[in-house]
Amino acid sequence: MKGWLFLVIAIVGEVIATSALKSSEGFTKLAPSAVVIIGYGIAFYFLSLVLKSIPVGVAYAVWSGLGVVIITAIAWLLHGQKLDAWGFVGMGLIVSGVVVLNLLSKASAH
């Protein structure tokens, strides 16, 4: 259970860091650049803890899949990124894949 909590923390850290990348303007703005560095540091530290209890393939699939969906949603909602019906279908498939991997696949057993 602790592994999944750590994975959520890793995903949140990665999402915050990636969201701040645009504001850092190529690491020329100090505050957003610090958020990027700290966020990625938190993300990778907690991902390393996750790997003690969750298989790397499962952890990385959940981390990257949900990260992509959340980042895309943030860009769509806050930054006006265009997202058509196929974009929503693709994100739905990513989430579906993560659910299948975790609920139905034996790969998630440790």
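Cβ coordinates are placed from backbone N, Cα and C, and glycine is handled just like the others.
Through the fold, the transmembrane segment (1-21) approaches residues 32-33, 35-47, 49-50, 52-54, 59, 62-63, 66-67, 70-71, 74 of its own chain, all at least 6 residues removed from its boundaries and within a Cβ separation under 8 Å. The transmembrane segment annotation in Swiss-Prot covers 1-21 (among others), and the record cites sequence analysis as its basis.
Tertiary proximity for the transmembrane segment (30-50) is limited to same-chain residues at least six positions away from its ends with a CB under 8 Å from its CB atoms, namely 3, 6-7, 9-11, 13-14, 16-18, 20-21, 23-24, 59, 63. Residues or ranges marked as transmembrane segment by Swiss-Prot on the basis of sequence analysis: 30-50 (among others).
Marked as transmembrane segment by Swiss-Prot on the basis of sequence analysis: 58-78 (among others). Within the chain, the transmembrane segment (58-78) has long-range Cβ neighbours (under 8 A, six or more residues past its boundaries) at 3, 7, 10-11, 14-15, 18-19, 47, 50-51, 87, 91, 94-95, 97-98, 101-102, 107-108.
Swiss-Prot lists 85-105 (among others) with the feature transmembrane segment, giving sequence analysis as the kind of evidence.
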